[in-house]
Amino acid sequence: MSSRNFISLCRRKPSVFSRAFATVTESSSTPTQYPIPPQNARVKPKLLTSIILNRAPILTPTPTPFERAYYAYQARLRRALFNPFPYDFYFKQGSILEHRFTLEERKRERIAFGREFGVADELDKEKAAANKAAVEQLAEQEGESEEMMPRIHPSDDARDYKSLDRKGKRNLYLLLQENEGIWRFPEGIVKKGELLHQAAQRDLLAECGEYMDTWIVSRNPIGHYRPPKKAPSSSKPQPEEVAFFYKAHIMAGQARPNPETVKDFAWLTKQEIESRVPEYYWHGIKDMLSEH
Amino acid sequence: MSSILLPNSKRVAATSTVHFQIRCYARKESGMDPKKETIRRALYPSNIRNKPTPTGTWRPDVEKALQHAIPSVQAHDTIDRAWLLHKRHIRKRREAETERKFESMRKAMDELASIDSHLYMEANKPENPRARSPEEVNLLKTLKASEARASDARIRGLFPRELRVPTDTPSRTGWKYDWKPFYRPL
């Protein structure tokens, strides 16, 4: 009965997600103050290419408490149902390695099933103590295992938005701040006779420097954006602009933006981009970015 | 109960190990090299097939271990369903995000088609991994052997090998900030 409710809830949820791109369901107001520019078939719009430069996640996602509990549960089940381990095939009888394995295995049994499991046979107390001492000596001789690096980098605590080690589990995107103060993705104009993905590569190098090992994923754009039509200040009509977005990955290096056009840069997650970027621009780009 | 029939019972008494569970398939044969004996007994299943498992055997205290592992049959079913539901949530979220991204791509291509058909056709062309543009061919003549190999290594249309797989802990050196620029023609 309750399971059916759960399943109907799940069925309702994806439809909300799949319709999200058609209707803006967020609490923020729809950008009605910017009129949608009409399609002008006679005049070709000015083409721009923009790059979404992505630093893919470096770290695996942290398992939730439920996932960890489930994995531990499955491990217990496997331990209960598996064939007994052929220790005599893998370890020489009476060797120190066998004693080490035995001790560790008993500990694992106790963790999995409880205090009644993993109990040593009462053979010879002195012998058992001698074995344990030998195992400890072996551990000392082998030395401590290498310390692992922590998953949280110092730049996380310092909130260094230029660092590419920050937020290892998330996707980071490069955002540039223009001299006027608006945050946007790197972009540039498409020259005559140039293909879009070539223009994207050239614009990226021009705006962000060539000290990055980047790879543009495909010839196809992943999205487009039409800026809101400004009120005509001068007498001649301004051609419309359309920006096509291309996805790229960064594998090494750091951005060195061109100081003439760009004031500042940052590597941000999707939520951080939302807080910095103008609202109309955000509604144009949010579908292209990864949630996680 | 069934543990009495296990062929390993004699073996357990013989050795002085703390295990009471080892898996022995074939029966002991006298007058064999002990190393070969170990290998043989590990490899070959016994002829007496008195277990549900075709090759091995349960541990001797399997009933007791299972009782400690599983709270109850109903609890096990509930855990199973909860896990499937959890996976479904994750899957639906991922599918929704993929659908959003694809829609964005489709609309962009439609827009491009309406603006410029030549650029649209070029964007739709499949990448030929073995093709070399004339600029690349000219460049390869001027480069050293190692640099030419590096230039060839980045194949168009394929993922570069520098894209790292996510790991549990970061590398010791961290991100490689100083990367020497390497020119690659478009």
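In case you wondered, yes, glycine gets a Cβ from its N, Cα and C as well.
Here's what TrEMBL has on this protein:
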type     : residues  : note
REGION   : A:139-161 : region 'Disordered'
COMPBIAS : A:148-161 : compositional bias 'Basic and acidic residues'
DOMAIN   : A:154-290 : domain 'Nudix hydrolase'
Local confidence of the prediction over the domain 'Nudix hydrolase' (A:154-290), expressed as mean pLDDT
92
Folded-back contacts onto the compositional bias 'Basic and acidic residues' (A:148-161), same chain, C-beta under 8 angstroms, at least six residues removed:
59, 62, 167-169, 266-268, 272
For the compositional bias 'Basic and acidic residues' (A:148-161), what does DSSP give as the number of helix, strand and coil residues?
5 helix, 0 strand, 9 coil
